[in-house]
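Notes follow the structure.
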Amino acid sequence: MAEKNLTSTTQFLLTAFTDCPEQALPLFLLFLLIYLITLLGNTGMVILIRVDGRLHTPMYFLLSHLSFMDICYSSVTVPQMLAMLLERGAVLSYTRCAAQFFLFTFFGSIDCYLLAIMAYDRYVAVCRPLLYVTVMTQKARLGFVAGAYGAGLFSASVRTVSAFTLSFCGTNEIDFIFCDLPPLLKLTCGDSYTQEVVIIVFAIFVIPACMAAILVSYLFIIVAIMRIPSAGGRAKTFSTCASHLTAVSLFFGTLIFMYLRDNSGHSLQEDRVVAVFYTTVIPMLNPLIYSLRNQEVKEALRKVLERAEWS
């Protein structure tokens with residue numbers, strides 16, 4: 001029998017990039033540089049928010065958690081991808097593959113929820129400015145973040161259990177950069193109806209639900225901005241949302257491509273490029289987006305650098 005249950009599988013072989021050995025070293029150096037920038041940028045953002053009193057606001061509190069999630073998010077996949085480029089492939093045990101799948105889903109789900117909460121924060125700040133202090137209290141934002149972590153844990157647990165009760169047959173090679181659902185589904189055989197239902201439910205309750213919350217928030221924000229009489233006032237108000245809107249567009253755009261489409265007719269090479277973008281590039285871009293387009297962050301960074309020069 002070619003068919004076998006996943007519980008009898010002891011390891012998986014990741015073979016991404018092995019078809020182009022001459023590109024291994026350039027890709028290794030590129031991804032290493034991106035990863036170091038990601039760690040430096042996001043760690044710097046967290047420290048900056050902690051040390052500068054002007055950034056002790058609900059928006060930056062949420063941003064510090066988003067930066068921390070980006071560090072964790074990329075660290076689940078990038079170090080392994082670097083090792084895979086050097087060793088021309090990577091062998092993962094069943095337990096390690098499941099753990100990576102769980103952690104990636106956990107941190108990715110929290111990212112989705114945090115971006116939705118940040119959209120609500122912008123809605124209250126723009127549409128209900130007089131109530132902002134009473135709505136976004138310390139207790140409220142701690143509750144929002146705790147809810148995001150709890151929902152991420154639930155999503156990751158259900159999705160991991162569903163994925164690792166699949167039946168596989170044939171090869172255990174995964175032509176991908178980490179243990180993710182699309183390449184795992186390509187190795188399945190037999191009836192996977194239950195798992196597919198769970199995948200759909202996960203997609204509905206994480207990606208579209210968060211997107212709906214973000215879209216509704218920004219619909220109200222746009223209406224409020226259009227009511228501002230002066231063009232300068234409209235531009236200044238919209239600028240407070242521009243960084244978040246850019247981050248949302250990049251993150252959810254790639255997630256929609258990967259998880260909310262028909263997998264038939266799409267190559268793993270195409271999926272691999274998109275996966276590299278949202279696991280490697282986006283976590284690097286987020287601190288740049290929030291710093292380059294945010295005057296408060298740039299001013300806080302300037303103050304910290306000045307104090308460092310004088311000390």
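Yeah, the Cβs are placed from backbone N, Cα and C, and that goes for glycine too.
TrEMBL annotations: computationally assigned, not manually curated.
According to TrEMBL, the protein has these features:
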type	residues	note
DOMAIN	41-290	domain 'G-protein coupled receptors family 1 profile'
TRANSMEM	28-49	transmembrane segment
TRANSMEM	61-86	transmembrane segment
TRANSMEM	98-120	transmembrane segment
TRANSMEM	140-158	transmembrane segment
TRANSMEM	197-225	transmembrane segment
TRANSMEM	237-260	transmembrane segment
TRANSMEM	272-292	transmembrane segment
Average pLDDT across the domain 'G-protein coupled receptors family 1 profile' (41-290), rounded to a whole number: 86
For the transmembrane segment (237-260), sequence-distant contacts whose Cβ falls under 8 Å of one of its Cβ atoms, 6 or more beyond its ends: 108, 111-112, 115, 118-119, 122, 125-126, 181-182, 199, 203, 207-208, 210-211, 214, 218, 221, 224-225, 228, 271, 274-275, 277-278, 282, 285-286, 289-290, 293-294
